[in-house]
Structure formats: structure tokens, C-alpha cells
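These come from Swiss-Prot:
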- 131, 134, 139, 144: Zn(2+) 1 binding site (BINDING)
- 18-29: compositional bias 'Acidic residues' (COMPBIAS)
- 171-185: compositional bias 'Polar residues' (COMPBIAS)
- 174: phosphoserine (MOD_RES)
- 1-33: region 'Disordered' (REGION)
- 100-128: region 'Disordered' (REGION)
- 107-130: region 'Flexible linker' (REGION)
- 170-202: region 'Disordered' (REGION)
- 129-146: zinc finger (ZN_FING)
- 151-168: zinc finger (ZN_FING)
């Protein structure tokens with residue numbers, strides 16, 4: 001009875017295990033070298049595909065797709081690839097297809113990468129790149145070429161006061177909010193006094 005179980009479940013565990021063993025032995029047997037260009041790369045998701053034109057130095061008849069994940073890119077900072085960027089890489093054959101192991105620029109140089117950055121990263125960086133001394137872009141206050149500037153109001157840019165005491169900001173806020181509340185309060189007071197007068201006279 002125990003020997004019959006593997007044969008009954010032939011399409012289940014046994015075959016799958018043999019395929020996995022074959023795939024893992026293929027992966028262990030080594031990696032291959034290829035070169036080509038980046039076909040596409042999603043900077044937000046961090047993966048894409050390479051279009052391999054040469055394998056082990058031999059030109060291929062037609063390009064072959066090789067999966068690439070950002071963790072395999074040889075470069076500093078934010079890792080990404082630019083569409084059409086020339087690359088060299090090592091790759092392996094897996095159950096999912098061809099997957100890159102390490103990706104570099106030509107001659108082992110670092111990858112160039114895409115100018116595109118995920119939207120969240122762009123917003124954070126643009127705020128961080130403003131100088132709080134002069135207000136200029138692309139540098140920080142500690143790197144500013146100008147001497148320390150006087151503190152100024154963030155609302156009207158005047159150096160005579162801070163934003164908390166800004167008269168222009170106070171003027172813009174007061175007509176809308178305070179004017180309406182004063183008028184409605186005044187009307188309520190007038191209306192509350194008006195009904196009392198006729199009742200007291202009668």
C-alpha cells in the first residue's frame with residue numbers, strides 16, 4: 001500500500017519535485033553572460049526586462065527577454081535603468097524564464113539609470129533641495145555661497161516680522177472669517193432685543 005501512493009498521485013508531488021530538482025540543478029550548474037539593452041523598466045515597481053542581443057559573446061538571431069530586478073543593478077543611489085541603456089549582465093535559467101543575476105554598464109561600469117523617479121521620491125527630494133538660507137534650489141543652507149541671511153516672513157518675505165505677526169496675512173484672513181461672524185452676531189443681538197421691546201410695551 002505505501003508504494004502505491006506515489007504512483008496514484010503521479011501528477012501531484014512526485015512530478016513537481018522532479019521538475020523542481022531539474023530546475024534547481026540547472027540553476028546550480030552556472031550562470032551565463034549576456035549583453036544588450038534595457039527593453040523597459042518600471043521605476044515605481046523596481047523591475048523590468050532586458051533585451052539580450054549577445055549570449056556568451058555570440059550575436060543572437062533575435063533578441064531574448066531577460067527579467068531584471070532593481071536589486072541586481074550595479075550602481076549607486078536609486079537603482080533603475082533607462083529604456084535603451086546598454087547593459088552587460090550575468091543571468092540564469094529558472095522555472096519562470098531567464099533572470100538576471102548582476103547587471104552593469106558596458107565593461108562592468110555602473111549602470112546609468114533612468115531620470116524618472118517614483119512620484120513620492122520626487123516630492124520628498126524637491127522639498128529637501130531648497131536652501132533655507134537664500135531660498136535657492138539644488139543646495140542646502142550649509143552649502144550656501146551667500147552669508148547668513150536675516151530671518152523673514154514666509155508669507156510676504158518681509159524681514160521686519162515673522163509669519164505669526166504678518167499684517168498682510170492677518171488682513172487676508174480677517175475680512176472672510178471675522179467679518180461674517182461679527183455681522184451674524186450683531187444680527188442675533190438686534191433680533192433678540194427687538195421681540196422683547198414690543199412685549200414689555202404691551
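Here the Cβ of each residue, glycine as well, is placed from N, Cα and C on the backbone.
Shown here: features listed in Swiss-Prot, placed on the structure.
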{"residue": "131", "record": "Zn(2+) 1 binding site", "DSSP class": "coil"}
{"residue": "139", "record": "Zn(2+) 1 binding site", "DSSP class": "coil"}
{"residue": "144", "record": "Zn(2+) 1 binding site", "DSSP class": "coil"}
{"residue": "174", "record": "phosphoserine", "DSSP class": "helix"}
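Within 10 Å of the C-beta atom of residue 131 (Zn(2+) 1 binding site) sit 18 other C-beta atoms, taking all shown protein chains into account. When the recorded positions 134, 139, 144, 174 are compared by the number of other C-beta atoms lying within 10 angstroms of their own C-beta, 174 comes out lowest.
With respect to their backbone Cα atoms, residue 134 (Zn(2+) 1 binding site) and residue 174 (phosphoserine) stand 30 Å from each other.
Taken together, the residues of the zinc finger (129-146) have an average pLDDT of 79. Reported as a whole number, the C-alpha separation between residue 174 (phosphoserine) and residue 131 (Zn(2+) 1 binding site) equals 32 Å. Listed in chain order, the extra residues whose Cβ falls within 8 Å of the Cβ center of the Zn(2+) 1 site residues 131, 134, 139, 144 are 132, 133, 135, 136, 140, 141, 143, 145, 146.
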